């Protein structure tokens, strides 16, 4: 190589060459390679049998190093004996290939013959066609059901899952009605309080309403007459006013119901006499056709004809009209029949008992309401559970 810096492989990346980082740069004979046996460039043109073929000997001993084999010198090496493990057969032998089915079971190739179906009775032949143990035709016995008896009791294979939508809707319906009922109840309870405030304001024109029956134990406790505490003497008068307001609201609801029934044609009317265009004469009687019959519109007679029909005026006495409304509601809401014994007992009370009950509610009702008010929301829940479960 000498001082020729353009020689091949100057940094000695091939075998048996070492790199000198300083390559004697500070000397008169700089060099990159520490190998003392490296070939000089003029010797690379000599003819010789090297690793790259005859006539070319690469510098530095060739790509494969300085060994005789690298320089193209062929030597005969003794062959090593094979390992001892290959001299004998040991362990599991490979599974031989299975012969074709047409050679082992020629009758199986005849698909439409009875011989093939008979051959399928052989478990070995069946395994070739139906590894899972199935059947190809209806002539074969089906695979027995391996399901346990306990599992067949609780569920049948293939049954669809229960419809959770129908199950949840049966509970969500009453709960939504209950929630709407509580919402309406809270709104309805504010109506008597507003009417009570308007009623008491009539006695205090031009001034703020102040309760005249203040508690003697606390003369300085001024309060509104619409929010008297139970210890105030004006508390019972407040309850009486609200009771009258409730009756007035019920009367308005009854009038609205009568107007609605009359608009829908469900009020009792007099039937026409067959063969005539006029109604029958006679006193107004109670309804003769109950609501559970074929017709939901009861028929009765009256003395005020109007275009062939007439409305029963006055409304049938006693409980006739209430009985009709009850029967009409019982047809549409079957669970109301469970309240029939209680309603019959309540309707059979004498007027004296009614007045006594009203007086007790007016006198002890506020105190009982304060005691039972935490449990009142539970009553509709228990009632729904009792009806639907």
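Cβ coordinates are placed from backbone N, Cα and C, and glycine is handled just like the others.
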Swiss-Prot annotation of transmembrane segment - which of the ranges 150-170, 171-191, 192-212, 213-233 it falls on: 171-191
Same membrane side for residue 241 and residue 360 per Swiss-Prot: yes
Candidate annotated in Swiss-Prot as N-linked glycosylation site, out of 112, 309: 309
